[in-house]
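Enquirer: If you scroll down you'll find the structure; I have some questions about it.
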Amino acid sequence: MDGVHDMGGKAEHFGPLPTIDPQEPVFHAEWEGKAFALALLANRVSGANLHAFRHAIERVPEPEYLSGYYERWLASAEILLVDSGILAPGAVAARAENLRGGRVEEPAVPEPHKPTMPSGGGGNLRTVEESPAFAVGDAVTTRTSVPSTHDRLPSYARGRTGTVTAVQPAQVLPDTAAHFVGENPQHVYAVEFAAHELWGEDAEPFTLTLDLYESYLEKA
Amino acid sequence: MTEVEATVDPTISPALRAEALESLLLERGLIDTKTIETFIRTYETAVGPMNGAKVVAKAWTDPEYKQHLLADGTAAIAALGFKGPQGEHMVVLENTPDVHHVVVCTLCSCYPWPVLGLPPSWYKDPAYRARVVKEPRAVLAEWGTELDPGVEVRVMDSSSEVRYLVLPERPAGTESMSEEELAALVTRDSMVGVTKVLAP
């Protein structure tokens, strides 16, 4: 899906790089560590999964998304908790107001409705019975369609042709798992693209590799 | 899809927001303080780039291990005790005088947690995510990593659950150093491929 999260090659982000600080702390403030832990726990408490979590981050409004990494983790934790009926919309804001001395009425705790999706086990690696459709050396072209739902094909690589360089372990399909409609495991391929295929003849010479799910690809 | 609230109250700081969220979940017994503390301490102290540095130093000093690492990254890394979330399937890429790999995640900030810990700010920065897939040589040069025109540059955009660790080149003049001394030289950034490891 299109959105601010899909940053590869986007001109509006072509600013100077930040300085690398080798001594950078893991968390810059106490709240960042808390946000990290709370987001992981919110994912668990709301019955979500890694893909739903990533999709929740993608649904964070753009200004908030760009305000910072753990800021968007906090926002996505709330989205997952509200989606699953663990928290009422506005519950966090009301509690925040009261914690700083305000007196606002907090919304009632809703009826939970956690998603239920059968899981083929822990993690995201799966076994797929069918043989892989592509082999190392095959030329493949990525799809051009743009889903309005979660996917893992960056926009800069839509409708581009590359070469399969590895068959990776089969994995849960993020496109459906993120929306709790099934794991639909698929074969995954490392696909290498020439820079000029992605960016035109004037591109710097390099290759770029993406790991792509079988349904994103067709034989070139 | 649920409609997302368009804005949050800008006067609510992230710290206050985190505290509010925590108190709502704590009071209903959905989470507990000890687990929160464990998550934070684990990634502050036990899981970080010092793990990846051990992997690299071992590969530099033990040819058999290096061979194993490049053939089956997940198993070779697990053999040193490093595994867990965001490290389900590890692929290790060797940087040489002729080939330079650099890793990014343009869609979010996927990063190999068991060997590198949580990602640093620069890895999550929009400028890095946007630029490195289009002008990797310019990005590396801006951070002081000048590559000869003949060097083949390979950019890896982490779009599935495969996670990449770069095995940087061992710097010249370190022949007499022990594995432990070598590990101390290996930087986080060299294991993502944006810098090289420098001789002491």
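Quick reminder: no glycine exception, Cβ is built from N, Cα and C everywhere.
What TrEMBL shows for this protein is this:
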- B:15-195: domain 'Nitrile hydratase alpha/Thiocyanate hydrolase gamma' (DOMAIN)
- B:Cys105, B:Cys108, B:Ser109, B:Cys110: Fe(3+) binding site (BINDING)
Enquirer: Can you name the residues of this chain that are 6 or more positions from B:Cys108 (Fe(3+) binding site) yet have a C-beta less than 8 Å from its C-beta?
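Expert: None - B:Cys108 (Fe(3+) binding site) has no non-local Cβ neighbours under 8 Å at 6 or more residues apart.
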Enquirer: Looking only at the domain 'Nitrile hydratase alpha/Thiocyanate hydrolase gamma' (B:15-195), what is the mean pLDDT?
Expert: 98
Enquirer: Around the Fe(3+) site (B:Cys105, B:Cys108, B:Ser109, B:Cys110), what further same-chain residues have their C-beta within 8 angstroms of the site's C-beta centre?
Expert: B:Thr106, B:Leu107, B:Tyr111, B:Pro119, B:Lys124, B:Ser158
Enquirer: Which binding-site residues (B:Cys105, B:Ser109, B:Cys110) come close to chain A, taking a Cβ gap under 8 Å as close?
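Expert: Of B:Cys105, B:Ser109, B:Cys110, the entries that lie near chain A are B:Ser109.
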Enquirer: Report, as a single number, how many Cβ atoms besides its own are within 10 Å of the Cβ of B:Ser109 (Fe(3+) binding site).
Expert: 20
Enquirer: Could you list the residues of the same chain, at least six apart in sequence, whose Cβ is under 8 A from the Cβ of B:Cys110 (Fe(3+) binding site)?
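Expert: In sequence order, the residues whose Cβ lies under 8 Å from that of B:Cys110 (Fe(3+) binding site) (at least 6 apart) are B:Gln86, B:Ser158, B:Ser159, B:Arg163.
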Enquirer: Ten-angstrom check, please: count other Cβ atoms within 10 Å of the Cβ of B:Cys105 (Fe(3+) binding site), all chains counted.
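Expert: Here the count is 22.
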